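**Q** Feature table excerpt (Swiss-Prot):
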type: TRANSMEM; residues: 27-47; note: transmembrane segment
type: DOMAIN; residues: 91-282; note: domain 'ABC transmembrane type-1'
type: TRANSMEM; residues: 96-116; note: transmembrane segment
type: TRANSMEM; residues: 126-146; note: transmembrane segment
type: TRANSMEM; residues: 161-181; note: transmembrane segment
type: TRANSMEM; residues: 206-226; note: transmembrane segment
type: TRANSMEM; residues: 262-282; note: transmembrane segment
Amino acid sequence: MEPVNQPVREAPVFERKKAGRVSPKRILFHVFTATLAVLLLYPVIWLFVSSFKESASIFTTSHSLIPDPFILSNYAEGWKGIAGQPFLTFIKNSAIIVGLSTIGAVMSSAVIAYGFARIPFKGKKFWFACMMGTLMLPHEVLMIPQYIMFAKLDWLNSFKPIVVPQFFGHAFFIFLMIQFIRTIPEELDEAARIDGCGRFACFWRIILPLIAPALATSAIFSFYWKWEELIQPLLYLNKPELYPVSLALKLFLDTESASNWGAMFAMSAVSLLPVILVFFLFQKYIVQGISTTGLK
């Protein structure tokens, strides 16, 4: 028997017009999101544009996004540094602080999260509640006790007060990883233990590779927070050769004479580049890590 070719029914004319029509709600939505994007990006755009202006004309021509004249000397002057230190020194200090803090926060949080998610112990719910309670504790409450403790340890004017506490875990990262580990079947742990894996081997060989999205998300957040942190370096570091980028930018401002706004804006733009680069390269891990932790 030959197959019968049935004629394809075309949609009515009014349905085709309705499908191709753009609703007013959709237009308003796109206009609103575009306006919001411009408002959010305008300060960053203004910063980059101002870095190519003369310091004397930055605020007198703040309404204009076209540098007149267009100069590059702000970048050369800012890169030479300030307080006897080249700006590359400040970038290296930030890289050391961010690198060590990120490694410490991510790895310690992963170990603690594995303990809460997989290992039964007495009072686990109580200690978990205490850990979550630290999220609601303002950091300012701990600043003075921590400063006194680090001063007695003779840790001032070093990276230790900024880096060492990160090796004791971060409550937000711990919670993020706990939710991720709970999505992994416990049968994998049981199979690994049957094959002779201990707790640490099970964590290192089975769990750690499977929670890579949560690790990446935590690392990105830790990078952001430590790269732009100002309060802790301001408290513990008094030597310019130890300043990170966030604290070094303050040196361009002089309350007694004219501030070098052009060099400060130029180096501020340079300091934003790693943040922007990390965001665009690893944004998929942020979405994947946060969205997956909501699954059960």
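These residue numbers are counts, starting from 1, taken along the chain as shown.
Even glycines carry a Cβ here, placed using N, Cα and C.
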**Q** Going along the chain, which residues at least six beyond the ends of the transmembrane segment (206-226) come within the CB cut-off of under 8 Å?
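**A** 97-98, 101-102, 105-106, 109-110, 114, 118, 162, 166, 170, 172-173, 176-177, 180-181, 184, 188-189, 192, 197, 275, 278-279, 282, 285-286, 288-290, 292-293.
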**Q** Which bits of the chain, at least 6 residues beyond where the transmembrane segment (96-116) starts or stops, bring a Cβ under 8 A of a Cβ in it?
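**A** Residues 124, 127-128, 131, 159, 162-164, 166-170, 173-178, 180-181, 203, 207-208, 211, 215, 218-219, 222-223, 226-227, 233, 244.
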**Q** Give residue numbers and ranges for long-range contacts of the transmembrane segment (262-282): same chain, 6 or more residues beyond its ends, CB-CB under 8 A.
**A** 44, 47-48, 50-51, 53-55, 58, 71, 73-75, 77-79, 82, 87, 91, 216, 220, 223-224, 227-228, 245-246, 248-249, 252-253
